[in-house]
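Right, one structure below, let's go through it.
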Amino acid sequence: MTATVLSTPDGSVEPTGGRPRPPGPGKAPRKTGSLRRRVLKSGRRILVPVLLVAVWQLASSVGWLNPTTFASPGMVWDRFVEFAQSGVLADNVLASLRRVVLGLLIGVAIGVVLGLATGLSRVADELVDPPLQMLRAVPTLGLMPLLLLWLGIDEALKVGLVAIGVIFPIYLNFSKGIRSVDPRFRELAQSCGASRWTVIRHIILPGALPHLLIGLRFSLAIAWLSLVFGETVAADSGIGYMLTRAKDFLQTDTIVLCLALYALLGLAIESLVRVIEWKTLSWRREFVDS
């Protein structure tokens, strides 16, 4: 009896009852090319910062920059090593991270609830959106006297400032994302007997997730800005506290170090959000590829 053969993408044939053939030789170059693209992409992302630091060091070495007004990268690195060895750096960085994370959790939770309510209900939108828009127009500096009276100068003030700044980007983007979901998808699910909760869980929330992640990325920048303001006004720990003390003593190396820490921590959390976005929105890539 003659065995049935199947044609493979590389032009070879194999019996249907035999063992699967190993991947063709075209697979490895594809993986290698993908790895090469990722390496090149990572290199491009750090190229400009590395060049800026090199130019900065060169300008300091030849005397174009006065170290008393703008410290060199070498001075900043020496200060970093000093603080790292003494434990001062870890204590203050952890204090700032704790405040940002708590403020983000509170602000995201409130923003998601408000966005969900206004996105699903026109009545809730008419009741909730106007006062929120008015509150959003009030600068944080204007709220500071009341926040000091209500929350004091302890941790609640810093966390509260971060949460207030985070609420609005989450609320606006999530509410917009819910309203942007095609109503035909809802009608189709309801016609198949899906409950309201099922429609929300499997259609509305996945459809609004890209907008929510955009709001989260905006919120990260606002969270760090709010934290800087809170820690420089009233704090006994944190990166902002280090920044304030360095300003009082004209320590430009510490000032630059604190600014670099804010930037690096913000970049790290932004990268984490990108990973979450890549994982949770994989269905969109598969849908586009199909």
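Glycine is treated like the rest: Cβ placed from N, Cα and C.
A TrEMBL annotation is a machine prediction, not a hand-curated record.
TrEMBL annotations:
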type	residues	note
REGION	1-34	region 'Disordered'
COMPBIAS	1-10	compositional bias 'Polar residues'
TRANSMEM	46-65	transmembrane segment
DOMAIN	93-273	domain 'ABC transmembrane type-1'
TRANSMEM	100-123	transmembrane segment
TRANSMEM	135-153	transmembrane segment
TRANSMEM	159-178	transmembrane segment
TRANSMEM	222-243	transmembrane segment
TRANSMEM	255-276	transmembrane segment
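Between the transmembrane segment (159-178) and the listed ranges 46-65, 100-123, 135-153, 222-243, 255-276, the one holding the most Cβ pairs under 8 Å is 100-123. Listed by sequence, the residues of this chain that lie at least six past the ends of the transmembrane segment (255-276) yet keep a Cβ under 8 A from its Cβ atoms are 70-71, 76, 79-80, 83, 93, 96-97, 100, 213, 216-217, 220-221, 224, 228, 239-240, 242-243, 246-247.
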